[in-house]
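Okay, so here's the structure we're looking at.
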Amino acid sequence: MPHSTQPDTTVYPPSDDTVARAHVDAARYDEMYKASITDPEGFWGEQGKRLDWIKPYSTVKDVDFSYGNVSINWFSDGVLNVAANCIDRHLATRGDQTAIIFEPDDPDTPAQHITYKDLHEKVCRMANVLLSQGVMRGDRVVIYLPMIPEAAYAMLACARIGAIHSVVFAGFSPDALANRVNDCGAKLVITADTAPRGGRRTALKSNADAALLHCSDKVRCLVVKHTGDQTTWINGRDVDVNALMETVAPDCPARPMGAEDPLFVLYTSGSTGKPKGVVHSSGGYLLFAAMTHEITFDYHEGDVFWCTADVGWVTGHSYIIYGPLANGATTVMFEGVPTYPDASRFWQVCEKHKVTQFYTAPTAIRALMGQGNQFVEKSDLSSIRLLGTVGEPINPEAWNWYNEVVGKGKCPIVDTWWQTETGGHMMTPLPGAHATKPGAAMKPFFGVEPVVLEPQSGEEIHESPTEGVLCIKDSWPGQMRTVWGDHERFQQTYFSDYKGYYFTGDGCRRDADGDYWITGRVDDVINVSGHRMGTAEVESALVAHAAVAEAAVVGYPHDIKGQGIYCYVTLMNDQNPSDDLVKELRSWVRTEIGPIASPDVIQWAPGLPKTRSGKIMRRILRKIAENDVGSLGDTSTLADPSVVDDLISNRTK
Ligand code: WT7
């Protein structure tokens with residue numbers, strides 16, 4: 001399954017059906033987009049009415065993008081409650097409609113249909129449990145749960161009482177969990193006994209036990225009894241959530257919150273070793289999640305929306321929970337994996353629940369494409385009207401397969417480019433308004449003004465076609481507000497390289513039609529199966545092992561994962577390379593960070609290519625990993641050019 005290096009320039013205009021049904025057609029897009037850029041106050045002031053406000057806002061936008069003074073505020077004097085917007089306001093009209101369809105890992109376990117009324121009661125009970133544990137407005141709650149309804153209850157319960165949640169992906173290791181609990185100063189952790197996935201079980205509670213050894217002994221642990229598997233139990237610290245939910249009141253008032261009060265913190269990797277706590281607001285974030293969910297996916301009443309992401313990532317926050325529920329939709333929550341019990345699972349779930357919009361990652365598409373078309377063809381996918389992708393650039397082969405085999409050439413594909421930091425979609429074709437091109441993110445969403453900068457000078461490039469670094473000129477309501485506990489790091493990371501702009505860290509191309517194509521990260525962040533990974537994080541994990549003297553990590557093209565993790569490792573003098581040591585280092589990184597960081601390739605490096613000032617030349621390491629040694633470029637500035645020859649001749653195939 002080779003990846004093309006040339007873009008596929010075919011243009012697919014929207015079908016008449018799609019245009020007729022869509023909320024936004026081409027003319028409307030142009031008109032709305034123009035208004036959103038020329039009059040953001042007026043535009044967003046109007047859009048803000050999508051939400052229910054306890055006290056309406058009188059100011060819309062108050063933003064400063066200048067380095068040193070960065071400050072981002074939307075609807076700042078407005079008062080609302082996010083959970084009330086996602087639940088209570090729907091009760092009168094759709095209390096008996098399904099809010100969440102829970103599809104368990106095991107296809108023989110019946111799905112659960114949770115109505116808005118049910119959701120209201122569960123969230124209220126969970127909120128009362130949190131209150132009973134002393135959680136107050138502004139306190140942080142870490143949620144370390146698998147894809148089960150309790151994850152949604154916990155997030156919304158925090159929102160209901162004004163606590164700030166931080167969901168930690170259940171695939172992260174105890175160390176990664178402990179770092180996050182400590183960084184945000186969480187008062188409690190919510191976890192589950194064990195988590196079934198693909199027929200296997202992850203021991204979540206025992207991971208939490210291991211993590212909590214490194215945290216304050218004041219941190220409580222709320223345990224969801226999901227599988228009933230046995231776990232250790234520490235009296236006084238561990239609390240049985242399900243039992244307590246039965247005893248507390250089924251009602252809990254939704255607390256009035258300021259639009260700028262933080263809704264959640266979500267950790268994401270950057271180019272330094274320590275993940276950043278991305279802080280999102282209550283008002284602006286929810287509005288942006290709801291509006292993008294409706295318009296990008298052309299959501300209509302009665303649709304069944306399925307985003308296959310995990311709630312541990314921002315995609316799950318915005319498009320499993322907050323966007324769909326704010327719109328009163330039916331959202332699917334899937335506990336399992338695409339290939340269990342076999343590669344037809346996604347399509348079987350689409351058929352079973354009559355999914356109308358399906359949103360997944362290119363890595364999943366590539367993996368399923370490799371299994372053959374029969375798995376798709378045995379399922380009835382006639383309910384699907386629209387397909388979406390997110391997380392990484394999609395190669396034309398995967399796009400075309402998705403379009404033809406899954407969508408039968410009838411479903412628009414929205415390739416949505418965005419980031420943890422942006423809260424919601426930033427660039428995507430809109431179904432009734434834009435043509436699509438295999439691999440292009442096409443057009444900016446309303447209120448988003450992308451600019452392509454010349455990387456060195458930072459000058460805006462106005463002509464097309466062109467290529468450069470992607471920045472955003474002004475704020476949008478879903479933008480992150482700060483890095484938890486470190487506003488300086490926020491400014492440094494996003495506002496210092498190109499002054500006056502938000503720097504995305506991505507490169508991009510604008511073609512002759514003015515359409516955007518994301519080309520990938522321009523920093524030391526790699527994208528492994530749609531998960532963002534700082535190479536520095538993997539390096540710090542490796543050097544923490546006693547046998548390792550030095551390590552350098554780069555990405556390289558990988559057929560399924562998009563990018564794989566290639567590690568150059570220099571051992572301590574007294575250590576000898578061996579296959580056992582490769583295995584040991586792999587499992588070491590898995591325990592330090594989690595399985596998603598597992599190295600694909602480990603190459604022993606007696607020396608690393610460094611400049612005379614000691615800086616590792618990653619450009620060269622990337623070329624060797626890509627097996628593109630013909631274009632290494634200038635190596636004359638290296639302190640010891642001979643290390644390059646050694647790395648090339650000992651390249652791990
Ligand atoms: C990075 C953000 C929020 C989405 C889930 C990942 C890459 C994301 C696309 C796309 C090309 C994409 C970018 C971005 N990316 N979507 N449609 N086409 N690249 O969120 O972990 O914050 O990663 O993912 O490089 O910067 P994330």
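Here the Cβ of each residue, glycine as well, is placed from N, Cα and C on the backbone.
Predicted automatically and left uncurated, TrEMBL annotations should be read as such.
Of the residues Asp380, Asp506, Asp511, TrEMBL puts just one in the ATP site with Gly391, Glu392, Pro393, Asp415, Thr416, Trp417, Trp418, Gln419, Thr420, Arg521, Arg532: Asp506. Long-range Cβ proximity for Thr420 (ATP binding site), meaning a same-chain Cβ under 8 A and a gap of 6 or more residues, is found for Leu266, Thr268, Val278, Trp313, Val314, Met480, Arg532. The two recorded residues, Trp418 (ATP binding site) and Thr315 (CoA binding site), have Cα atoms 9 Å apart. Across the fold, the C-alpha of Lys615 (N6-acetyllysine) and the C-alpha of Arg200 (CoA binding site) stand 43 Å from each other.
Gly198 (CoA binding site) sits 31 Å from Arg521 (ATP binding site), taking the C-alpha atoms as the reference points. In three-state terms derived from DSSP, Gly199 (CoA binding site) belongs to neither a helical nor a strand segment and is classed as coil. Helix, strand and coil residue tallies for the domain 'AMP-binding enzyme C-terminal' (537-615), in that order: 24 helix, 27 strand, 28 coil [DSSP].
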